[in-house]
């Protein structure tokens, strides 16, 4: 029946009797519980609460810094990075004795994810092309860009000094698409050809570094993807072609689209292409179209897929998510309702939890892959953003404004 002040007065006066026979510091249950039980209780805390608990006292700090707790957080899907990035990160936080500082590993991932969600990043600009950028690729040390000025430039990611830029010349039209893997670069152009370049050639960075030229398309090569065995390309001539990477010989031509093929992505079992005929086709490697997806109101300009879904972008300003097995449209991100792009979507890429898209409205937008929620909008280009690629730490983008930009989320 008492109010709080009276209860407090009673507890002060009766403290000796109330705690008769109790262990010392009995108010702190964590301190006098057996270590295994205390750790079990602590393990139910989320990362932020665990950090706050570590500030209570030395005993709590010791429990809260148990590396097994932080390793468990690092293994949760939400905090995973790509395999290569995780391996590199874990090694960087390994002590001379071989133990891994999992709390530091998690802190780095926590900060990185928050930077993505809040759009915190540093932006570096690489300038040198004489006309707009049409395609970009990057690896750990360099950025490769293709342009309407018919050249390919290889930039040193660690410095944007003019002397560190290498220029590849050989195409006779706009370089429309690139695929970089190791020292192998594959490029497609408005001159209807596909070239394979060896970037390990140090003596000359001109057309002499071109190892193979593939000819067969009768119009602009608009998109391509390559692996160690083959190149698959899409063209304004309405076809896709599968080429032997080493010899440059044509293996098979895929026909089925009624207009220009604008984007392509393949896996070990299927090929998915988007076209100006507003459709997405799913193909097998025998050359048969096994499914056609309809729903976009204009040309499909970009797409990607994983084991369960296809993500596509279009001139209709919308992003769509499709079930890869049934072809059913699962979700549409309408620019009016979702604060999406207000102009043509030129490029997109997706990973396990986010989609990054670029458009003629000069912006790059990051979306939640599962829900379609817009997470952040990035602005720095002064003209339409034509292309992008990203990994866990950075985005590299190219624009009609003739610049390549590196958005770094790891150093804020």
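Cβ atoms here come from the backbone N, Cα and C positions, even for glycine.
According to TrEMBL, the protein has these features:
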type   : residues : note
DOMAIN : 27-73    : domain 'F-box'
REPEAT : 126-159  : repeat 'WD'
REPEAT : 168-207  : repeat 'WD'
REPEAT : 214-253  : repeat 'WD'
REPEAT : 254-286  : repeat 'WD'
REPEAT : 293-332  : repeat 'WD'
REPEAT : 338-377  : repeat 'WD'
REPEAT : 378-412  : repeat 'WD'
Q) Residues of the same chain, at least six outside the repeat 'WD' (214-253), with any C-beta under 8 angstroms of its C-beta? A) 173-174, 176-177, 179, 181, 184, 186, 188-190, 192-196, 259-266, 271, 273, 275, 283, 285, 287
Q.
Using a cut-off of under 8 Å between C-beta atoms, tell me which stretch among 126-159, 168-207, 254-286 contacts the repeat 'WD' (378-412) the most.
A. 126-159
Q: Express the predicted model's confidence over the repeat 'WD' (338-377) as a mean pLDDT, rounded to an integer.
A: 89
